[in-house]
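As annotated by TrEMBL, repeat 'PPR' applies to 78-112, 113-147, 148-182, 183-218, 219-253, 254-288, 324-358, 359-393, 394-428, 429-463, 464-498.
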Amino acid sequence: MIQSLGAQRLIYRARIAFYVKTGLIENAIQVFDEMTQSKCRVFGVDYNRFIGVLVRQSQFELAYQRYSEMGLAGFSLSPFTYSRFISGLCQVKDFALIDELLRDMERLNCVPDIWAFNDCLHLLFSEGRLESAMEMFKRMVQRGREPDVVSYTIIIDNMCKLNKFETAVQFWHDMIHKGLKPDNKACAALVVGLCRGGMVDLAYELIVNIMRDRGAELCTLVYHALISGFFKVGKVDKAETLASFMSRHGPKLDLVTYNVFLNYYCQELMLEDAERLVNKMERIGIEPDVYSYNQLLKALCKVKCIDKAHGLMVQTMETKGLCDVVSYNTIISALCKQGSTRRAYRLFEKMKQKGVDPDVVTFTILITSFHREGSPGIVKKLHDQMIALRLLPDRIFYNTIVDYLCKSMKVESAYKVFREMGKQGISPNAVSYNALINGYCKSLRVDEAMYLYKEMQSRGIYPDEVTYKLIIRGLIRENKLSVACTVWDQMMEKGFTLDKAVSKELINALHSTGGAPTPKT
C-alpha cells in the first residue's frame, strides 16, 4: 500500500510537471489540489515547487493560499522560494504580504537572498519610503545578509536623488572598505548624482583611482557627467584634460562627448569655437545631430545673428533632414523678440508646409507676440488653429499670456485668461498667482491682490518669496503699512526673508508715519 501511494505521488508530480512545461497552469493547479486531497503524502518540497510555479505565473493570491496550507501542514518554504516569492511581490508592491513573509523568515532564522534583498530596497526607495529602506538595510546586514555592489548602487543613487550627498559618499566608502569593486552602474550613480549637486571635484576625487586602473574601463556616461560638471563650474581646463584622458585610455569620444563641448561653447557664446568643433566633427566622421545644430541655432539667436541662424537651418539642417519643432521655435522666438512678428508668422506657415508640426510652445510664442502687437484677429486665428490641432493649452501657455497681459497693464484681460485656465481643468500654481498679483499691485489694486493671496492659500498653493515681495511692495505703494507688517510676519514664519531693497522701503515708510506698527524681528 505504501509503495502504491509513493508511486501515485510520483504520477501526480509528473502530471504537474508536464502541465507546467506545456503552459497549462490551470490543469497543474487542479492536479496539485487532487494530490493534496488524496491519501498519498505531500511533502514540503511539493509545496515549494508548486508555490514557485505560481509565483513565476504572478498568481500571488493562489501562492499565498498554498503557503497558508503548507504552514498548517507543518511545512515551510525554503529560503530560495521565500526569496522568489518576495521578489515577485515587489513587482506588484504588496507591502503587507512582503512584511509577513519577512517576519516568517526571521522566525525561521533565515534571510532573503541578495536578489530579493535588492528588489525590496529598490521598491522602498521608489515608493519614497526612505526610513523603511534604511531600516531594512540595517536589519538585513545584522542578520547576516551582506549587501553587494547592486545594493550599494541602489542606496547611493537614491541618496543623491534626495540630495543626501554626504550619506551617499559614506555608503560609497563603506562599499570600497568592504572590498567590493564598483561597476559602471555604481560609478555612474555616484558621479551623475554628485555632479548634479555641483560637487564635481568630489566626484572626480572618489572615482579617479578607478579611472587610472587600466583594467577598469568606465562607461561614457561617467566621463560625460564629469566633463559636463567641470564645464558647469567653469573648470574648462579640467574638462579638456579629462576628454584627452578619455580619448587615450577610456571609451572612444562619441557624438555625446562632442555635444557636451558644443553645449558649453554655445552657452558661453563662444561661436567661433562652436563652429570649429562642428566642422571638426564632420571632418572626422562624427555627424552632428539635431541637438548639435539646435544648440548652435540658439547661440546664434542669442547674439542676434538671426539671418545666419536661419541660413544654417535652411541650407544645412533642412538638407540633412535635421529640422524639428525646436529648430523652428528657436528662430520664431528670436524674430518675435526683435519685433519681426510678420516674418515669424511666415516661418510658422512654412514650418507646416515642410511637415513639421507646431507644438504648444510655438503657439505660446506667437500668441504672446501678437498680443503685444495688439492684433486680436491673428491671436484668435492662432488659438483656433491650436485647438484644431488638438494642442491643449498647458499651464506654461496660460502663465505666459497672463504675465504678458499684466505687464502690459491689461489686468482685466489677464484675469479672464487666469479664470479660463481653471475652467479648462488646469490648476494655477504660484507662478500663475504671482503674475496676476503683480498686475493688480502695479495697477494700485492691492485689495484684489490680497484676495488672490488669500485664495491661493485656501487652495493649498503656498506663497513663495516672490509672492510676499510683490504683496508687501504693493501695500507700501498704497500706504497700507499695518497690513504690510502682518504679511511680513507671515513671510518670516514661513522661513522667507525680505530682500534688502523692499525691507528698507518698508522701514523708511514706517518711520515716516511715526506711529505705524513695526514688524516682528
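Just so you know, glycine gets a Cβ as well, placed from its N, Cα and C.
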Check: Are there residues at least 6 beyond the ends of the repeat 'PPR' (359-393) whose Cβ is under 8 Å from a Cβ of it, and what are they?
Finding: 325, 328-329, 332-333, 336, 341, 344-345, 348, 351, 400-401, 404-405, 408, 421, 424, 426
Next item on the list: Tell me, roughly as an integer, the mean pLDDT over the repeat 'PPR' (254-288).
Entry: 93
Note to self: Is it possible to list how many residues within the repeat 'PPR' (183-218) are helical, extended or coil according to DSSP?
What the structure shows: 26 helix, 0 strand, 10 coil
Margin query: Within the same chain, where does the repeat 'PPR' (394-428) have neighbours whose Cβ lies under 8 angstroms from its own Cβ atoms, ignoring anything closer than 6 residues to its ends? I mean 6 or more beyond.
Written below: 360-361, 363-364, 367-368, 371-372, 435-436, 438-440, 442-443, 445, 456, 459, 461
